[in-house]
Amino acid sequence: MLKDIRFSYDRGTSWALDGVSLTVHAGERLCLVGPNGSGKSTLARLIAGLTAPDGGEVTLLGQRVYAAGPNADAYRAARHGIGMVFQNPEDQLVTTVLEDDVAFGPENLGLERELIGERIVDSLQAVGLANLRQSDPTRMSGGQQQRASIAGMLAMNPAMLVLDEPTAMLDESARAEVMRILDDLQARGTTIVHVTHHPDETVHADRIVHMEAGRIIGITAAVDNRSPLAEAVSQSETEGSIGTEAAPSRPTNDSPRQREREDGSELPLLSDGIGDMTNPIIRVSHLTYRYPSAKRAVIDDLSFTIARGETVALMGVNGSGKSTLVRMLCALTAPTAGSIEVAGVPVASTGKRGRNVRPKSANRKQLAQLRRHVGYVMQHPEHQLFADTVAEDVAYGPRNQGLGETEVADRVRESLELLHIGHLADRSPFDLSGGQQRLAAIAGVLACNPDVLIMDEPTASLDAQAKKRIHELLRTLKSRGVTVLIITHDREEAEQIADRVVRMPIAAPASGGPVTATVTEPAVSSNGPAHSVIHRLDPRVKMVGFLAAMFTMFAVNTPTQLALGIAITLAVIAAARLNPLRVLESIHPILILLVLMGVVNLFVVRTGTPVVALGPLSITDQGVTIAVLYACRFALVIILGAVFLTTTTPTAMTDAFATLISPLNRLGIHAQEIALVMSLALRFIPTLTDETRAIVDAQSARGGSIETGSLAQRIKAMSAIIVPIFAGTLRHADNLSLALDARCYEEGIRRTHWRALTIAARDLIFAAAVIIYIAAIIAL
């Protein structure tokens, strides 16, 4: 129950919530709707106990958590019965094995190991992911990640589940799956509070709470989404200062052959990818893409054309390769096979070598030509903004095209006015709302005056008013002859704006068939690294053993010792069931650096017998020996470290490290928290790396010199990404802190561990082998 709640983000200058009173009944399904900025997400966090208000009274699950001030103990008790799922599932994942991630919350609650196993099985079955329990959730599709996040909450058996736009970035089938899960929870009596932009998601709600400008303006009963009230809800949000996205229509089998767009013209029935062959501006032929470590191709033998001036919608389920495809069209990702031609530029070509060979990528001159003709709006706008002001960011592309400052200013003004955001010109892009950031990112691409505009879900999470602006923009661009390829999950949107639709084929599932999970022990796959002896070692023994072996490498000073070190390293790789070439590929930048250091040593060492004289420089036999020894022993250290990281999950490392440094607790040092920070750092390094790559790609897509410029220009371009990377790090940290609170992690709590740490015979054998190896190195 909330009574007269007030909440401010700026110490009372403005109020995100102002005088809100609301009672949520046990077992009720409540939907929060309203324009962006109306306070829905803030109210959801207050209901979840993740944020305290600035005034009023809050009672959660019978606990009076806020009156004159926050009651920490009451908040702690209430949060044990409340789960929350956020819009971005990736920031809620704490480890790289699904079952370990689901176990994290129950471990924080201190549940017994056997009960944790049962909770994992039940929650994964409830969301349809029981057959992926050993998979890496960070590599799943968006829909699967969101279901994994829900499973993590269900494993805590919450009395109330709060969801903040959980389907905002999902396709129709994934959205339907999430709604099915909520229907099942509703039938079990779980209290559900659901923030949504989709009127059709409110159908099964008991009540709908309508919000505007931080206030509740009405509470209504749910009705069918095709009723006049649902239309009125959508219309009221459209007319607000910031509205919400309209619900997608669902054409039935008896839909007419043609559908009417907003402007009265008609859209052909959703079609295949064959366009007008007489004047194509985009030509894709037998395109295939496979991720480096994947067995199946995510895109397999795809061919289509797009005619000049055509507007085409690209549709498909989450994980079907839509974003990968448009990245290949923009020369930001290289295909595995096939050819691509965009605006007359051979982005990827096989020539006469045949279509099954890896295609030749565009050279620098061709890339520069491509950037002048093609604009790319990314899915996440925060990745595409990096300047100090919106105007400077929009000017980035035109300046890279070599335009004069007068023409650059004209381009900036025209682009901002076209999207009705001229008043934001002097604002920092990092201070804008998500919708404003998306419009600013689009303006930056439009300022480049592209002939081809590629947009990755430009209207996702936008309110109805901003969405309408995008549709008007697309019609304006079409009238100017601009070719548009737009990724969308919204069939109604495709019918309104597109000439036709290219459907992405559904990729083969990672694993198929029904699975009835009854196992309550940590799982291992039947083959590969996860089933290897090295993987199954107790992480404490493995951590100490690998560190000992790695430090021993620094004692290698003779060829015999080096040969023994190489033999041991190869044996470890074999025992880990890893491909040696894959291991070397993963660390090849470091290996290149070591080779360069070895070359330097060749000319620095003066002792020994000269074997080669190069003018004033000479290479001696001792110089060669030292160069090889130093480079190889450092390489062996790096390789062993790579094997350890590959075969040990962040959760296992956390548990092992926390146990090994637990004696520090007696000195008042929080060993468990130190271990968790280490684990989360390892978990989010790939995420931040991907975000850095996205910012670099955003610069490249607008002709940035980070891709094709001189060394000085590249260094200058690299410096421009520091601020957005720092902002992204803070954003991830803030989201992660909320996720940890939602999963009841607290400093100093007694956590149980689902993966029991026990010393087995294989651990003793491994420890003995390490000791023998160290003794042999010393003896030699």
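Glycine residues also receive a Cβ, built from the backbone N, Cα and C atoms like all the rest.
Summarising the annotation, Swiss-Prot assigns domain 'ABC transporter 1' to 2-238 and lists sequence analysis as the type of evidence.
Under the three-state DSSP scheme, Pro35 (ATP 1 binding site) falls in the coil class. The feature ATP 1 binding site is assigned by Swiss-Prot to Gly34, Pro35, Asn36, Gly37, Ser38, Gly39, Lys40, Ser41.
The annotation region 'Disordered' is assigned in Swiss-Prot to 230-272.
Annotation comment: Swiss-Prot describes 282-531 as domain 'ABC transporter 2', evidence class sequence analysis. Mean pLDDT of the predicted structure over the domain 'ABC transporter 2' (282-531): 82.
Taking all protein chains in view, 20 other C-beta atoms sit within 10 angstroms of the C-beta of Ser320 (ATP 2 binding site). The ATP 2 binding site annotation in Swiss-Prot covers Gly316, Val317, Asn318, Gly319, Ser320, Gly321, Lys322, Ser323.
Packing against the transmembrane segment (551-573) from elsewhere in the chain are residues 534, 580, 583, 625, 628-629, 632-634, 636-637, 639-640, 643, 773-774, 776-778, 780: each is 6 or more residues past its ends and has a CB under 8 Å from a CB in it. The feature transmembrane segment is assigned by Swiss-Prot to 551-573 (among others).
Per Swiss-Prot, the feature transmembrane segment maps to 586-608 (among others); the stated evidence is sequence analysis.
Taken from Swiss-Prot, the feature transmembrane segment covers 623-645 (among others), and the record attributes it to sequence analysis.
Within its own chain, the transmembrane segment (759-778) has Cβ neighbours under 8 Å at 533, 536-538, 541-542, 544-545, 548-549, 552, 555-556, 561, 564-565, 568, counting only residues six or more beyond its boundaries. Swiss-Prot lists 759-778 (among others) with the feature transmembrane segment.
The highest number of surrounding Cβ atoms within 10 Å, among the binding-site residues Asn36, Ser38, is found at Ser38. For the binding-site residues shown (Gly34, Pro35, Gly37, Gly319), fewest C-beta neighbours within 10 angstroms: Gly37.
DSSP assigns Lys40 (ATP 1 binding site) to a helical segment in the three-state reduction.
Its Cβ placed at the centre, Val317 (ATP 2 binding site) has 21 other Cβ atoms within 10 Å. Considering only the binding-site residues Gly39, Gly316, Gly321, the Cβ with the fewest other Cβ atoms within 10 Å is that of Gly316. For Asn318 (ATP 2 binding site), the number of other Cβ atoms no farther than 10 Å from its own Cβ, over all displayed protein chains, is 21.
Note on proximity: of the binding-site residues Val317, Asn318, Gly319, Lys322, the one nearest Ser41 (ATP 1 binding site) is Asn318, by Cα distance. A sphere of 10 angstroms centred on the C-beta of Lys322 (ATP 2 binding site) encloses 23 other C-beta atoms.
Distance noted between the C-alpha atoms of Val317 (ATP 2 binding site) and Asn36 (ATP 1 binding site) is 26 Å.
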